[in-house]
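A.B. asks: This is the structure I have questions about; it appears just below.
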Amino acid sequence: MGVTSTAPHLLRAARGEIVDRPPVWMMRQAGRYMKAYRDLREKYPSFRDRSEIPEVAIEVSLQPWKAFQPDGVILFSDIVTPLPGLGIEMDIAEGKGPIIHAPIRTQAQIEQLRPLEPEAALPFIKTILQALRQEVGNQSTVLGFVGAPWTLAAYAVEGKGSKTYSIIKNMAFSDPTILHQLLSKLADAIAIYARYQIDSGAQVVQMFDSWAGQLSPQDYDTFALPYQQRVFQQIKQTHPDTPLILLVSGSAGVLERMGQSGADIVTVDWTVDMADARARLGKQMKVQGNLDPGVLYASKQFIRDRIIDTVRKAGNWGHILNLGHGVLPDTPEENVAFFFETAKQLNVLV
């Protein structure tokens, strides 16, 4: 038995091996649509507690594994989790997302940021990832994840999520030198954090550039792409064999650029037909996605038809089945179960 045959299904596909069906997991698969999660949330109402107390985060991460046996089990965390380690204090408000206590608006604030030391700032991440690897063994692939420089900068500068991103765009277009300094520091910290996750047990890492789709293609080329490349290059220097995934929300306008990031796998959202995505990204690029999360409100037949359509368009190599973004909080849990059941039968359905 070679190493290949004992590696978990998703990891094999992510490396480019031919597998009998596309592996499947779901973004935000640990979350509010699950009764088990809602029950736990009553006991631990703070998101930071749920994601930073190891035994709680381990339990949450494993809830979908125990319920549905996805091919990927992802660390339960948030993209802003490493920011306090740089000196950017924050909290995560229930239903509202990250709140930055002192938004980064000046050169002096950027100069005060410190390099990330994950062993000191984020020791719980190692504990969680080691436990997940031990729990799932070779039955599933453990995924880590990080935020991308532009998206973390957007939170740090805006102070919270935004519909217009007017503050960071003002900085980008009026005082780009300051923003580039911030993006550089964030890129180096994110690379350190991703390496720490891999060393702690993550077998695949996904980078979320959630807000880069808010940029025009020319501004993406200036403020997002070079820093995605910087992160991925640094990870690959030390961990060349770890597959890296890139997600950009609303990425239809920058899909080809995502393929230039250094990622091994590009997450496609539902605004791009999967067949078109394959054509635009080229035969060598692996893809992930791309069902509209809203499909999971529908009948079982509709869900099955959409899964089969997506998988046929993606072809029989280099595809990880997923939604185009996170599962929605009011999704019927039994429909998530059906999604996974159907995915596991794709070797006979397609």
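Placed from the backbone N, Cα and C atoms, the Cβ positions cover glycine too.
Checked Swiss-Prot, it gives:
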- Arg28, Gln29, Ala30, Gly31, Arg32, Phe47, Asp78, Tyr155, Ser210, His325: substrate binding site (BINDING)
- Asp78: site 'Transition state stabilizer' (SITE)
A.B. asks: For each of the binding-site residues (Arg28, Arg32), count the other CB atoms lying within 10 A of its CB, then report the residue with the highest count.
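C.D. replies: When each Cβ's neighbours within 10 Å are tallied, Arg28 leads.
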A.B. asks: Restricting to the record's substrate-binding residues (Arg28, Gln29, Ala30, Gly31, Arg32, Phe47, Asp78, Tyr155, Ser210, His325), give me the longest CA-CA distance in Å as a whole number.
C.D. replies: 23
A.B. asks: Within 10 Å of the Cβ of Ser210 (substrate binding site), how many other Cβ atoms are there?
C.D. replies: 21
